[in-house]
Amino acid sequence: MSKAPVRVAVTGAAGQIGYSLLFRIASGEMLGKDQPVILQLLDLPQAQKAVKGVMMELEDCAFPLLAGMVATDDPNVAFKDADYCLLVGARPRGPGMERADLLTANGAIFTVQGKAIAENANENVKVLVVGNPCNTNAYIAGAAARKVGRTNPNNYHGMLRLDHNRALSQLAAKTGRPVSSLKKMVVWGNHSPTMYADYRFCTSNGDSVKALVNDHAWNNDVFLPTVGKRGAAIIDARGLSSAASAANAAIDHMHDWALGSDDWVTMGVPSDGSYGIPAGVVFGVPCECKNGDFKIIQGLEIDEYSREKINKTLGELEDERAAVADMLK
């Protein structure tokens, strides 16, 4: 018996990441080759014509799993009965714009969207914020949703999977091992250059990746800066931000959350107090996913170097939380 369609809301649907994302969702890459989907596409009024063009292309692919589409500039319509929400659209940082200004501008957007999700979506909705600063935007959306109730406040995530995938790629190149062999990668903290990609627990076919690398200077001076500043390097090379790799990471995050994973995955989730991270902070942590849910991997040793790195990225997130605190009252 065929499955009933699920509803997937995507914001910023006319943008570059949206364009890289929607066709893969419609083809079944995110939720499985047996799961029909209805796409509910949100973008600004001035982008509606472009959204219609994307919908025309989606129609022209004749995807067997694409059961319907909706285009709108109204969050209440976009999130109606949604089972999955990918919040891609965000205010980009403009010339001369301070980070505080960016946080304020996005705070307004994600307050509205969090409230609309909580009021309209499926009670078990899974929400992934891709639009930056994604940790704090997820925190804002979750805080707005919490005031409404209905939805699970732990299901408002920020996307750290791009950092996780970038780290795996760099380690594969360093060790000469295939990416597919690398397990138990962790990225702690904020999706920003302060993130801490931690391969102390990582293995490749049973071998310790830390022992294979055995080079602290490379870790500190090459690996971490390369992963942390990869987005800027891509903008410098391409003239545009990383869209396809961001869309790929969003697919990975949602796929594993919905369908499960046999490996640790990095997810930006509201902290439960683990590892000394204050409760509620949306923080990148190692998780395992099964049966449509996730749980934080517990009991990992945090050495002095790692604690210093974790505290640095936590400090940045605490500053961001403080900057938006007045908006959330």
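Please read every residue number as a count from 1 along the shown chain.
Any Cβ shown, glycine's included, is placed from N, Cα and C.
The NAD(+) site in Swiss-Prot is built from G12, A13, A14, G15, Q16, I17, G18, Q113, V130, G131, N132 plus one of N106, N122, N152, namely N106. Under the three-state DSSP scheme, A14 (NAD(+) binding site) falls in the coil class. For G12 (NAD(+) binding site), the count of additional Cβ atoms within 10 Å of its Cβ stands at 23 [all protein chains shown]. Fewest Cβ neighbours within 10 Å among the binding-site residues Q16, Q113, N132: that distinction goes to Q16. Ranking the recorded positions R93, R99, R166, H191 by the number of CB atoms within 10 A of their own CB puts H191 at the top.
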